[in-house]
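Enquirer: Please read through the structure below; I'll follow up with questions.
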Amino acid sequence: MKIYLVGGAVRDSLLGLPVTEKDWVVVGATPEDLLAQGYQQVGKDFPVFLHPVSHDEYALARTERKSGKGYTGFVCHAAPDVTLEQDLLRRDLTINAIARTEQGDLIDPYHGRRDLENHVLRHVSDAFSEDPLRVLRVARFAARFAHLGFQIAEETMALMQKMAHEGELAYLTPERVWKETEKALGTSSPDVYFQVLRDCGALAVLFPEIDNLYGVPAPAKWHPEIDTGIHTMMTVAMAARLSPEIDVRFATLCHDLGKGLTPPELWPRHHGHGPAGVKLVEALCQRLRVPNPIRDLAKLVAEYHDLIHTVQVLQPKTLLKLFDAIDVWRKPQRLEQLALTSEADARGRAGFEDTPYPQGDYLREAFRVASQVSSAGVVADGFKGIDVRNELTRRRTQALADWKAQQPDASATS
């Protein structure tokens, strides 16, 4: 029985990146051998075991044969005679098909180390096309390693395009699509993930609402990049600079979906695109089973991001209505999330990347002023029932009016 460290742990250590989890392959053993040593079997479809002390995953060397559609249609063969090279051959990318012995020696039959050094994402074999999930995985790795200069090999991109064209992606479950997308949103370059999906034809299949934005023009005065799809990718890249939160990045991705509904004869203007986009956000999130908190923020951002751009000229009553609409009294974190998504929208434009966004600080300060007026103070003054809310609104409106009167003339700068 021989044990090898494989996959991401080897890859990341060679790249000088932190290793967060370790996966091992066991060659020349049976399930009974591992169970006798105290390992716990956890894989139903695959022979995967947990180490009795470290709880790392140990998998028996295996081969896989395509038996149906999608990423679950495989027959797995695990036996003591399966070699390490056979096990590595079934993996997606050469950079993930490197093994390390217990003595520290590298085993690299498919030249993954060379591709690491050349910053290339390349499939190991044509068996890559048997698993449609790998299209998303490659897009995610492209996003994760974009800052290191990694590019997808031409032959790998051609294979991904073929898979998208032949309809294999239709067999992916919503949960798997969202899981890969969520991981990609957490990388330093989430926009690259969606760009790769578009380049291979997968975006139109999995995210048609986003794909529809390409070719939709916006006024050149406000959007020098003109194309709404390009603007969306620029805003996602900006959101990644501004916030590590998946919620903020996903909401930014969805903020302009309504522009895809504008009739061409009305281009390049998109009046009312915010509220119009809410239904598209809802549909996308339901289809991919996006968690409710992420969905709810995305819907609010779609509806209110344009209003936040004009926050400096809003009347106190309108400001309070905005705070009520986003439920910021019970969920104060939403204020910062909306401020950041709106800033990403404003700065995610050609030539505006380093432009200040004073609306964000104005929104934060307005909320601070309004929240200093508490319902406890109103109750202490003897108000009861519905009168508490009415008086609270009146006092907050007055507080905002007094504060607003002390601000510089916003119309001159907005």
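The backbone N, Cα and C atoms fix where each Cβ goes, glycine too.
Positions annotated as ATP binding site by Swiss-Prot, on the basis of sequence analysis: G8, R11, R91, R137, R140. Annotation source Swiss-Prot lists CTP binding site at G8, R11, R91, R137, R140, citing sequence analysis. Swiss-Prot lists E21, D23 with the feature Mg(2+) binding site. The domain 'HD' annotation in Swiss-Prot covers 228-329.
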Enquirer: How many Å lie between the Cα of D23 (Mg(2+) binding site) and the Cα of G8 (ATP binding site)?
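Expert: Per the Cα atoms, D23 (Mg(2+) binding site) and G8 (ATP binding site) stand 8 Å apart.
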Enquirer: In the same chain, which residues outside the set G8, R11, R91, R137, R140 have their CB within 8 A of the centroid of the CB atoms that define the CTP site?
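Expert: Close Cβ neighbours, site residues excluded: G7, D92, L93, I95, N96, F141.
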Enquirer: Give the distance between the Cα atoms of R140 (ATP binding site) and E21 (Mg(2+) binding site), rounded to the nearest whole Å.
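Expert: Rounded to a whole number, the Cα-Cα distance is 18 Å.
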Enquirer: Which residues in the same chain, at least 6 apart in sequence, have a Cβ under 8 Å from the Cβ of R91 (ATP binding site)?
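Expert: The list for R91 (ATP binding site) reads G7, A97, V124, given in order along the sequence.
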Enquirer: Name the one residue among G8, R11, R137 whose Cα is closest in three-dimensional space to that of E21 (Mg(2+) binding site); these are the binding-site residues.
Expert: G8
Enquirer: Considering each pair of residues in G8, R11, R91, R137, R140, all listed as binding CTP, report the largest CA to CA distance in Å, no decimals.
Expert: 16
Enquirer: Please report the three-state DSSP label of R11 (ATP binding site).
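Expert: Reduced to three states, the DSSP call for R11 (ATP binding site) is helix.
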Enquirer: Specify the count of other C-beta atoms within 10 Å of the C-beta of D23 (Mg(2+) binding site).
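Expert: The answer is 17 other Cβ atoms.
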